[in-house]
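The structure under discussion appears below in the form of structure tokens.
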Amino acid sequence: MADKLVKCEAAWEKFFEKADVNSDGSVSIEELKHILTVEYNQKLSDREIAEMFRDIDKNGDGQITKEEFLSEMMKTERRTAVKEAFQKIDKNGDGKLQKAEVAAALREIGHYTVDEIEKMIKKADKNNDGVIDLGEFEKEVY
């Protein structure tokens, strides 16, 4: 998973550099619109682009810095990786991790006692329903 995230970060860095047409170290809304609609031929309205821009421009200064951009993009990549890991562990595909599924996954990565597995499940199972859903899994992994 870590190797995949490193490759993703490098790809997002290249995207940012390409978007930063004037090489000032930040991306304006015009530059974002250009790369998305012209370079990548995305069919996005001005409103959608403005909304995306606001979501990434965390300090609201009208410019997206490389740090703001990478932080937001990698957050998305990590969420995707966590969801993929959850789905891999969820062998029966019911959207919940049963005790046996968690135990099998933990045994693949190392030796855990039944007691240790029970404690991990209990800690992650916030609503005490005996299974771990995606939301609980995400909170435990982040």
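Cβ atoms are placed via backbone N, Cα and C, with glycine included.
Just so you know, TrEMBL annotations never went through curation; they're auto-generated.
Residues or ranges marked as domain 'EF-hand' in TrEMBL: 7-42 (among others). Same-chain neighbours of the domain 'EF-hand' (7-42): 49-50, 52-53, 62-66, 69-70, 73-74, 77, counting only residues six or more beyond its ends whose CB sits under 8 Å from a CB of the stretch.
Long-range Cβ contacts of the domain 'EF-hand' (44-79) within its own chain (Cβ-Cβ under 8 Å, at least 6 residues beyond either end) map to 5, 8-9, 12-13, 16, 20, 25-29, 32-33, 36-37, 138, 142. The feature domain 'EF-hand' is assigned by TrEMBL to 44-79 (among others).
According to DSSP, the domain 'EF-hand' (82-112) comprises 19 helix, 2 strand, 10 coil. For 82-112 (among others), the entry in TrEMBL reads domain 'EF-hand'.
Feature annotation from TrEMBL assigns domain 'EF-hand' to 115-142 (among others). Counting residues per DSSP class in helix, strand and coil order gives 18 helix, 2 strand, 8 coil for the domain 'EF-hand' (115-142).
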Intrachain neighbours beyond the domain 'EF-hand' (115-142), with Cβ under 8 angstroms and 6 or more residues off its ends: 78-79, 82-83, 85-86, 95-99, 102-103, 106
Model confidence over the domain 'EF-hand' (82-112), averaged pLDDT: 91
